Every structure is written in structure tokens, then in C-alpha cells.
Amino acid sequence: MIKKIGVLTSGGDAPGMNAAIRSVIRAALAKGIEVYGIHDGYLGLHRDRIEKLERRSVSDIINRGGTMLGSARFPAFKEESVRREAIANLNKHGIEALVVIGGDGSYMGAKKLTEMGYPCIGLPGTIDNDIAGTDFTIGFDTALNVVMEAIDRLRDTSTSHKRISVVEVMGRHCGDLAMAAAVAGGAEFVIVPEKGFKKEDLLANIDEGIASGKRHAIITICEHVTDVNALANLIELHTGLETRATILGHIQRGGSPTARDRILASRMGAYAVDLLIEGQGGRCIGLQRNELVHHDIIDCIENMKRPFNEELYNLTKILF
């Protein structure tokens, strides 16, 4: 049976990563497996920033956002020679497998290690909810609640001043956060990269809302679709109503994780340990229909595509 495993977090931090780290460590220790934490992601793996962790190492972290292990961008990990040096560090400590918590860039690193014969398990840790093979990623629910609270606050002031608010949220090229926030926050309009938008159609919809007696409007938009300040200016010129853009930015990544994210991270962390005990390497874990599943990590990255949530998108159109 496997005797030593490592765990690292990589890429952008997400609330619930600490809960996942805690789960991996305590589930492994409960089954007699030693656990080593790698600080600062793949950079720390290459620089040998590796330490043995115990149960007390993860006391009082389940409620904390961010990641106790730290994270870092490390483009040089794409180079095979760099990865070989990283594997040499793992072998030096006797670490037989690695649990990687992060987004698609982190998965790519785990895929590369897997292709070199080193077993890895990927856990989806990103607020963007853009990982194939899972309905939800660790951190998405917490970020959604942060965005929803921001929309609630903006609605208060927008109603008071008969103002239109354009709210930019994270998500990179995935509109899940913008759509879920639109439904949960009661936004009038949502703009996502999967669907794009025509400015004339948006303006016509806003005109329709004003004609029906609406005193304000909330528009949620995924980052990178368009310049939100320019869009706000366009809307204000067209309608004559004060329009302001709010870019929520990195506030969406921080804060104490929700109960849903803590439970999801805990389930996935323990499941990763079970898979490694079974001799399963090169896998990534997901949650589908509330059941834990695992996929081949190479197949997940190369062939699986995350489906667009048409139901949620259509709901935003009905409920505005």
C-alpha cells in the first residue's frame, strides 16, 4: 500500500482549498499514510519547499479562505527538465503520489506529471467553475455568495437613485458565475462569453424595462467580454440614466468558505486518498448529480468539454 503522499495548491486561490488540504491530510493519516505539504504550488515543488504535516498542522483552517500552503504561477513547469527536477524532489522525500488542488492550469501540470509516470489526483479548486467532469468546483459557491451580496447592496443604491449598475464578475471564459449570480441576485440582464451579446439588443431590452416602469437595472457580465466602463457609458448616453460599472475583482476569491464548499472540499479530499490507496493515479475528481466521480485526467483535459448551462441561461431570460 502507498505510504507517503504529497499535496499542493496551484494557480488562483479559491475558498475551500484549506478544507480540501485538511481532508487529504486527516484522511490519509487515519489510514496510516504520511502526508507532505508542498508550499507555493509547482514552484515550491521545483524548489523543494516540502514539509511533513500532521493532524495539528491543519487545525483551525477549515474556516479560512485562501490556502495555507500558498500558491504561485510557474510557467517554467511546462519544461520537461523542470518537471524532472520536481519529480526528483518528490522521490527524495519518498513521496509516491501527489494530490493537486487547482484549476485547469494546475490540472495541466498534473497531466504532464502523469504522462511522465508520476501518479497524480486532481481536485477542482477554482471560483470559475470551468473544469470539465464536475458540476461544481471548490470555491464557486463562496464566490457566488460574495457576488450575490454585492448585487443586493448595489440594488439598494440603484433603486434609490434610479441608476443602472453593470457588475463584472470573474469566470474567465465561463459564464457560470455571472449566470448563477444573475438568478440569485435577481439581475435584469446577464452577459456571458458563451453567448456573446449585441449592444443594440441590450439597449432595446433596457428600454423595454424602463417603459414597463422599472426604476433601475442590474446587469451581470463575465470578465473579458467587453470593457464594462465603456459599456456603462454607452448605456448612460442611450438612456439618460446614471449608469455605473462595478468590477468586483479579487474580493470574489477571499473570505471564509460556505458550508457547501467546506463539505464539497472535504468529500473530495477524502475521496482522493481512497483512490490512491486503490492504486488509482492520473485521475481527476468531480461531483456529478451529487455523486463523487473520477475521470482520466489526460482524457479530461484533452477530450472532455464542460457543457454550457442552457437551463440557467434561459432562466435568466424568463425571470428578469
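Each residue, glycine too, has its Cβ placed from N, Cα and C.
The feature ATP binding site is assigned by Swiss-Prot to Gly12, Arg73, Phe74, Gly103, Asp104, Gly105, Ser106. Cβ neighbour count for Phe74 (ATP binding site) (all protein chains, 10 Å cutoff from its Cβ): 21.
Shown in sequence order, Thr159, Lys162 are the residues of the chain, 6+ apart in sequence, with a C-beta less than 8 angstroms from the C-beta of Arg215 (ADP binding site). What Swiss-Prot lists as ADP binding site is Arg22, Ser23, Val24, Ile25, Arg26, Arg155, Gly186, Ala187, Glu188, Lys214, Arg215, His216, and the listing cites sequence analysis.
In this structure, Asp104 (ATP binding site) is part of a helix by DSSP. Of all Cβ atoms in the protein chains displayed, 19 besides its own lie within 10 Å of the Cβ of Asp104 (ATP binding site). Per Swiss-Prot, Mg(2+) binding site is recorded for Asp104, and the stated evidence type is sequence analysis.
Cβ neighbour count for Arg253 (substrate binding site): 20 (other Cβ atoms within 10 Å of its Cβ, all protein chains included). Annotation comment: Swiss-Prot describes Thr126, Ile127, Asp128, Arg163, Met170, Gly171, Arg172, Glu223, Arg244, His250, Ile251, Gln252, Arg253 as substrate binding site, evidence class sequence analysis.
Swiss-Prot lists Asp128 with the feature active site, proton acceptor, giving sequence analysis as the kind of evidence. Taking Cβ-Cβ distances under 8 Å and a sequence gap of 6 or more within the same chain, the neighbours of Asp128 (substrate binding site) are Gly103, Thr137, Phe140, Met170, Gly171, Arg172, Cys174, Asp176, Leu177.
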Field: Diameter of the ADP binding set by C-alpha atoms, the set being Arg22, Ser23, Val24, Ile25, Arg26, Arg155, Gly186, Ala187, Glu188, Lys214, Arg215, His216, in angstrom
entry: 53
- prompt: Where does Arg244 (substrate binding site) sit in DSSP terms: helix, strand, or coil?
  reply: strand
- prompt: Counting other CB atoms within 10 A of each CB, which of the binding-site residues Arg22, Arg26, Arg73, Arg244 comes out lowest?
  reply: Arg73
Task: Report the nearest neighbour of Arg22 (ADP binding site) in space among the binding-site residues Gly105, Thr126, Ile251, comparing Cα positions.
output: Thr126
- prompt: Nearest to Glu188 (ADP binding site) by Cα distance: which of the binding-site residues Phe74, Gly105, Ser106, Arg244, Arg253 is it?
  reply: Arg244
Residues close to ATP site centre defined by Gly12, Arg73, Phe74, Gly103, Asp104, Gly105, Ser106, Cβ within 8 Å: Ser10, Gly11, Gly41, Gly102, Met108, Gly109
